[in-house]
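My structure is below; once you've seen it, I'll send some questions.
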DNA sequence: TGACTTTTGCAACTAAGTTGCAATAATATA
DNA sequence: TATATTATTGCAACTTAGTTGCAAAAGTCA
Ligand SMILES: [Mn+2]
Ligand SMILES: [Mn+2]
Ligand SMILES: [Zn+2]
Ligand SMILES: [Zn+2]
């Protein structure tokens with residue numbers, strides 16, 4: 001009853017996305033899997049729809065994806081070497097923001113938070 | 001001694017960017033100022049370099065700009081109608097995050113935070 | 001095995017943004 | 001003010017991430 005078929009290509013891509021701890025771009029995948037770029041883009045779209053992966057947009061405007069079975073977290077991004085480090089934020093940001101948002105009758109559902117700076121190597 | 005010249009085009013664009021409270025895209029400007037798109041992109045780059053405006057990348061991947069003389073703030077974005085509302089966040093996010101970041105010897109300089117949800121009209 | 005449906009590759013396309021170059025406009029200086 | 005200098009502009013051509021239509025290939029299920 002699952003309309004998604006587990007093709008060779010799909011499993012290879014999923015394996016890579018599951019095993020790579022940090023967000024992967026379409027181009028990264030293209031270099032590692034012998035498949036047409038059209039297929040990469042279509043598979044990424046399909047996997048997002050299926051809830052297997054999540055898109056993460058970086059400020060260099062590259063769109064990357066990471067496995068969806070991760071806990072909610074954020075990223076530290078080195079502005080020099082582009083290294084990405086996962087980080088979890090201790091407080092409930094949405095709850096804090098909802099207080100100000102309520103004044104405008106805005107209902108917050110999700111948020112997106114990234115930090116920029118220098119990694120150990122680059123400082 | 002200022003290498004930036006205050007041309008007709010530049011003043012028109014600056015005026016729009018100063019008077020529009022919410023982030024403006026290159027396309028927005030193109031529709032309002034009778035000027036070539038190449039000029040728009042070059043002026044935006046130049047104004048960012050000069051520190052007059054700041055680029056803001058939204059998760060829908062549109063790049064927008066807003067006047068740089070604003071206090072640090074964030075955005076509430078309606079996922080339905082794309083309305084943008086400015087919001088300030090009461091706490092020092094970077095300080096809180098720096099505690100976790102220090103474990104990886106990462107030095108935070110800036111951050112980027114957006115909230116998504118529904119505006120009053122769309123809920 | 002088929003029949004049915006999804007996935008794939010290919011080539012052509014789209015759209016945001018960039019580049020080189022010659023013409024034009026702004027500014028500095030005589 | 002007139003002229004020299006340098007930045008800005010428009011244009012056309014280009015780049016590049018991502019998209020689309022279509023026919024062939026592969027996956028699923030009876
Ligand atoms: Mn991550
Ligand atoms: Mn704003
Ligand atoms: Zn680094
Ligand atoms: Zn709305």
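Each residue, glycine too, has its Cβ placed from N, Cα and C.
Please treat TrEMBL annotations as automatic predictions, because they have not gone through curation.
TrEMBL lists B:72, B:94, B:111 with the feature Fe cation binding site. The feature Zn(2+) binding site is assigned by TrEMBL to B:78, B:81, B:119, B:122.
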Going by DSSP, give the three-state secondary structure for residue B:111 (Fe cation binding site).
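The three-state answer is strand.
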Which ones, of the binding-site residues B:72, B:81, B:94, B:111, B:119, B:122, are Cβ-proximal to chain A (under 8 Å)?
B:94, B:111, B:119
So which one is it: of the binding-site residues B:72, B:111, which has the fewest other Cβ atoms within 10 Å?
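Counting other Cβ atoms within 10 Å of each of the binding-site residues B:72, B:111 gives the minimum at B:72.
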Roughly how many Å lie between the Cα atoms of residue B:122 (Zn(2+) binding site) and residue B:94 (Fe cation binding site), rounded to a whole value?
32
Measuring Cα to Cα, how far is residue B:78 (Zn(2+) binding site) from residue B:72 (Fe cation binding site) in Å?
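Cα to Cα, residue B:78 (Zn(2+) binding site) and residue B:72 (Fe cation binding site) are separated by 20 Å.
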Around the Zn(2+) site recorded as B:78, B:81, B:119, B:122, what other same-chain residues have a C-beta within 8 angstroms of the site's C-beta center?
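Apart from the listed residues, the neighbours are B:79, B:80, B:82, B:83, B:118, B:120, B:121, B:123.
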In whole Å, how far does the CA atom of residue B:72 (Fe cation binding site) lie from that of residue B:119 (Zn(2+) binding site)?
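Given the Cα positions, residue B:72 (Fe cation binding site) is 22 Å from residue B:119 (Zn(2+) binding site).
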Below 8 Å Cβ to Cβ and six or more residues apart, same chain only. Which residues does that give for residue B:94 (Fe cation binding site)?
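Non-local contacts for residue B:94 (Fe cation binding site): B:108, B:110, B:111.
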